[in-house]
Amino acid sequence: ADTIVAVELDSYPNTDIGDPSYPHIGIDIKSIRSKSTARWNMQTGKVGTAHISYNSVAKRLSAVVSYTGSSSTTVSYDVDLNNVLPEWVRVGLSATTGLYKETNTILSWSFTSKLKTNSIADANSLHFSFNQFSQNPKDLILQSDATTDSDGNLELTKVSSSGDPQGSSVGRALFYAPVHIWEKSAVVAGFDATFTFLIKSPDRDPADGITFFIANTDTSIPSGSGGRLLGLFPDAN
């Protein structure tokens with residue numbers, strides 16, 4: 001199975017797998033059952049921003065999700081990613097819809113990793129930034145239903161030609177280049193990721209959510225990982 005660390009923007013509470021009974025931001029370490037969550041006042045039809053950061057000195061993974069003009073949601077979890085993830089990983093975004101649906105539109109995405117060893121400063125760092133997405137992106141690995149549209153957006157899950165979200169959809173987008181996320185001799189390792197998103201839904205209960213995730217380089221969408229499993233995990237254990 002893949003080794004996954006993720007920050008989930010979970011729009012639909014699945015209390016049967018340990019979700020709180022409201023939309024939430026969660027930190028997932030090798031399981032869909034979040035280690036830490038915070039209530040998320042999700043706003044459909046508004047552009048939101050998610051910022052995720054990790055620092056190997058503090059050994060803390062944190063996320064802040066906000067909408068312009070309203071308060072932000074913050075969640076963090078203390079974890080040493082050296083003990084969780086392989087040394088080389090890929091970073092990605094995933095989303096799903098189920099019986100209920102929503103658009104999972106990504107407008108921009110940037111990522112910077114910092115890996116400083118005593119001998120070489122920043123030689124192993126990686127930076128990318130998408131302010132829009134090209135029609136046939138060579139620098140993204142698109143999995144299942146994920147596509148880029150003519151407006152320069154990344155649609156992680158299926159939308160109709162008129163832009164309406166479709167149910168039972170799963171999609172992921174990964175940056176093509178592997179990231180050197182840690183090294184034994186590193187003085188400091190860390191990363192910052194930011195993406196802007198737009199969730200729209202005709203349903204009273206939008207579903208299911210968007211994640212930023214880090215995984216082994218050969219990661220693929222597990223069978224049966226749709227809906228509440230957010231395209232990341234084969235089961236709810």
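Cβ coordinates are placed from backbone N, Cα and C, and glycine is handled just like the others.
The candidate list SER31, SER34 contains one residue that Swiss-Prot assigns to the Mn(2+) site with GLU8, ASP10, ASP19, HIS24, namely SER34. Among ARG172, ARG228, the residue that Swiss-Prot places alongside TYR12, LEU99, TYR100 at the carbohydrate binding site is ARG228. The Ca(2+) site recorded in Swiss-Prot includes ASP10, TYR12, ASN14, ASP19, and the single candidate from ASP192, ASP203, ASP208 that the record places there is ASP208. Counting in whole angstrom, HIS24 (Mn(2+) binding site) lies 11 from ASN14 (Ca(2+) binding site) by their C-alpha atoms.
Cβ atoms within 8 Å of the centroid of the Cβ atoms of TYR12, LEU99, TYR100, ARG228 (the carbohydrate site) belong to the same-chain residues ASN14, THR97, GLY98, ASP205, ALA207, ASP208, GLY227, site residues excluded. Secondary structure at SER34 (Mn(2+) binding site), taken from DSSP and collapsed to helix, strand or coil, is coil.
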